[in-house]
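Colleague: Per TrEMBL, the feature active site, proton acceptor maps to Glu172. For Gly201, Ala202, Ser203, Thr204, Gln205, the entry in TrEMBL reads ATP binding site. Residues annotated as transmembrane segment in TrEMBL: 12-36, 459-481.
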Amino acid sequence: MSAQREMKEKNPWPVTIIIIVIGVIVIVALVTVAVLQNMPLSQKYKYGIVLDAGSSHTALYIYEWPAEKDNNTGRVQQTHVCKVQGPGISSYASEPWKAGESLMACMQEAQQRVPGKRHLETPLYLGATAGMRLLNMENSSASDAVFRAVERSLHTFPFNFQGARILSGQEEGAFGWVTVNYLADRLEQGLETTGALDLGGASTQISFVSSNYDGSESPSNSVTFRLYGNNYNLYTNSFLCYGKDQAMKLLLAQQTLLAPKTIVDPCFHPGYSEAVSYSGLYDSPCVSNRKPQGAPEAFNHTGSGNFLQCQDVVKSIFNFTYCKYSHCSFNGVFQPLLQGHFGAFSAYYFVMDFLNLTDTSIPLTKVKEVISSYCATPWDEVKRQHPGVKVKYLAEYCFAGAYILTLLTEGYNFTSDSYTQIEFIKKIKGSDAGWTLGYMLNLTNMIPAEAPDSPPLPYAGYVSFVTVMAVLLFVLVIVSTRRFWLRCSKRPQIV
Ligand SMILES: O=c1ccn([C@@H]2O[C@H](COP(=O)(O)OP(=O)(O)O)[C@@H](O)[C@H]2O)c(=O)[nH]1
């Protein structure tokens, strides 16, 4: 019996399925390894603490940023703010140890908030502004004693304390500008920058970039930066004594010259009446040279609530006429032409927010009407209408509204058009507008002079690219080996 040869077609599917399964496993493994290898590391954060020792109060800010990405724009965020109880540190000139003590509660809070393993590496800064500038001018040994007391307190905490110092007005203005533009992501993207208007208790700052200003006229107002590969020539000026509280002292001092015993102040509400001691009014170098001869112990401060008259008195604390430059703001200070948008923060915001005037599309005539109506409201009624607001602030918002309007329009020369370019702000993306963030970014070198190199593809793009390439490779292998497998499957087999 002849052997029966049976021709059988070999079934190709088992082999094909095995190849596909192996191929899929290889692709999944390849993509997984690539993805894991390049995945951003689990977020670890670094921290920085800045104490803003202002004239009226001190605030502690904690900032946080991803440990791996120090240089990325907009990555540093404020995570916590603690308002120190009591007045600003300059008020403790006669009992400096209390200045140190006043910071303890907020510092203990910071110790709780910053993870323990980061304490030693967390930089801690204290920057003092115009309140301490004035105390230093008036009594430098008292200001030194206050600094020694706060340094002693801050050294007792486990942070990397970098010292306490007075910022110059120029630094205060420039760092406020850096903060606003950093938070709005304008620096890394090289966008047109936003100007910064800061109104504190003892000084006020204006900072902006103007194409009319190259620093040659009044070079003392120029600050140059190179940030993310762009050069900035910033105009900045700080007016000492033109913060909200010191300007009010200037105004009162002006009025006591005419009526030393009783002032009928148009910037205070009708029915307002308060005894004010002369020593309290003249304790600041802003006004001490104006003390009237043979002044009594105290004077009676009463209100008449007349906005138009208030504007006139407010104007009298400015000198709008003297100017040796091409353009001036006031008091003979150079200022280039205004340009672009402005962010107005600190007391600008507090006051305009209280008066419901943060919307700058409201015409200036209407703004005046609103302030005028607030000023004319009897003092008892004001207190009844706003039971939750500190009485000291309530009494001052009429003056403060008139002062802000005069400062912006007659001082800095904002017109009814350019006024609409101002935005009254408190926070940007959750972080307070103010000099503290810019100060820390500068001291920790967190804004590079040159634009950082960025990977050619973002992470998601990279993952998609690896996946597509792996699939393509697999298809190519299948196609190129297809003939071989077909040939194998068609070769006759002898069983
Ligand atoms: O709700 C508030 C908080 C503060 N202020 C005033 O705003 C000004 C600036 O306050 P800040 O503490 O920011 O200034 P600094 O003390 O830093 O100069 C001071 O005159 C405060 O009296 C205000 O009018 N309303």
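The backbone N, Cα and C atoms fix where each Cβ goes, and this holds for glycine too.
Just so you know, TrEMBL annotations are computer predictions that nobody has curated.
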Colleague: Taking DSSP three-state, what's Ser203 (ATP binding site) in: helix, strand or coil?
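Modeller: Note: Ser203 (ATP binding site) is in a strand by DSSP.
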Colleague: Measuring Cα to Cα, how far is Glu172 (active site, proton acceptor) from Gly201 (ATP binding site) in Å?
Modeller: 13
Colleague: Which chain neighbours of the ATP site, leaving out Gly201, Ala202, Ser203, Thr204, Gln205, have a Cβ atom within 8 Å of the mean position of the site's Cβ atoms?
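Modeller: Neighbours within 8 Å of the Cβ centroid, excluding Gly201, Ala202, Ser203, Thr204, Gln205: Ser55, Thr129, Ala130, Glu172, Asp198, Leu199, Gly200, Ser238, Phe239, Leu240, Tyr242, Gly243, Lys244, Gln246.
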Colleague: By a 10 A CB contact count over all chains shown, which of the binding-site residues listed here is most packed: Ser203, Thr204?
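Modeller: The largest 10 Å Cβ neighbour count belongs to Thr204.
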Colleague: Please list the recorded positions from Glu172, Gly201, Ser203, Thr204, Gln205 whose Cβ falls under 6 Å of any atom in ligand 1.
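Modeller: The recorded positions passing the 6 Å Cβ test are Gly201.
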Colleague: Provide the number of Cβ atoms within 10 Å of the Cβ of Glu172 (active site, proton acceptor), excluding the reference atom itself.
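Modeller: Looking across every protein chain shown, the total is 29.
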Colleague: Check Glu172 (active site, proton acceptor) against DSSP and tell me helix, strand or coil, would you?
Modeller: helix
Colleague: Taking the Cβ of Gln205 (ATP binding site) as centre, how many other Cβ atoms lie within 10 Å?
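Modeller: Within a 10 Å radius of the Cβ of Gln205 (ATP binding site) lie 28 other Cβ atoms.
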Colleague: Would you count the other C-beta atoms found within 10 angstroms of the C-beta of Ala202 (ATP binding site) for me?
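Modeller: Ala202 (ATP binding site) is surrounded by 28 other Cβ atoms within 10 Å.
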Colleague: Applying a 10 Å Cβ distance cut-off over all chains shown, what neighbour count does Gly201 (ATP binding site) have?
Modeller: 23
